[in-house]
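This report refers to the structure that appears directly beneath it.
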Ligand code: PBG
């Protein structure tokens, strides 16, 4: 006798009943690029539909996000001035700090997460302080902690360190606690690979390294077990949520972390993953909605409960209009 799997696929109602994965607009985090200056609303060429915005242009964007039901955003700053020490990153009146204040004033209930890194602020584009060509680990921790505290002071609800220095979670946790931010969670980019999938982001945030690459701090995708060591260390140091980044090519890693650790897991569906879909869709080669939703369910199936994606607004719209399941 063979098994008739098709019995449970016979109708839409039946399929809806037996499914075991759910997507909710509240699962999504929408990344925003905020640029210092005024009157800026510039579409990012390699990321159609995504914009660099100055704070004075932010309100309509926030209204749209809020009306769509999205309640979490991840902020990236693009400063006017860059220098070798990335000073603007921890300036209490810097672009991210001012943006957070503005957003929390307009939408106090919006969960504002800030990306904590130096690469958008350093003139050399690396994620830390340099000595010659080397990114100094322990010296950088001091600056990263300053950035995290300055974001928290501005009102950030959660910080997301993406620099990949060793020991940053412990350093940041201590610094936040010392300043009284004991309840500010850390969402750590624990498992972050040195990836070509960040290309369009680096155009968007103007953060490409001016020499070399990020392979001495971001992870090598040829290694499997390293992901577990990174995650374990971050949890020991006090991380509250783990991020796997990029998302699509690393679902095996998501699944491993999901099975091993009882903390929320986020995936970052990064820039090139977005751009590839948009480019193919613009050419009429793929069904954009179908492709995007299939990916989102794949993230869920692997074990992610939080999805950081540039598709958030499109998905929220589809969910709202009941255009998808
Ligand atoms: C900052 C940072 C990067 C991304 C998120 N935070 C770029 C990088 O590490 O080079 C990439 C996000 C994306 O590609 O969408 N370090």
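Even glycines carry a Cβ here, placed using N, Cα and C.
Quick look at what TrEMBL lists:
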ACT_SITE  192  active site, schiff-base intermediate with substrate
ACT_SITE  245  active site, schiff-base intermediate with substrate
BINDING   117, 119, 127  Zn(2+) binding site
BINDING   202, 214  5-aminolevulinate 1 binding site
BINDING   230  Mg(2+) binding site
BINDING   271, 310  5-aminolevulinate 2 binding site
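Shown on the structure are the features that TrEMBL records.
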| residue | record | Cβ contacts under 8 Å, 6 or more apart |
| --- | --- | --- |
| 117 | Zn(2+) binding site | 89, 127, 144, 147, 161, 162, 163 |
| 119 | Zn(2+) binding site | 125, 126, 127, 163, 205, 207, 209 |
| 192 | active site, schiff-base intermediate with substrate | 162, 164, 218, 219, 243, 245 |
| 202 | 5-aminolevulinate 1 binding site | 208 |
| 214 | 5-aminolevulinate 1 binding site | 126, 127, 164, 194 |
| 230 | Mg(2+) binding site | 190, 191, 219 |
| 271 | 5-aminolevulinate 2 binding site | 46, 47, 197, 198, 199, 200, 201, 204, 310 |
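In the three-state DSSP assignment, the secondary structure recorded for residue 202 (5-aminolevulinate 1 binding site) is helix. Only 117, 119, 271 of the binding-site residues listed as 117, 119, 230, 271, 310 bring a Cβ under 6 Å of any atom of ligand 1; the order follows the sequence.
All protein chains considered, the CB of residue 127 (Zn(2+) binding site) has 24 other CB atoms within 10 Å.
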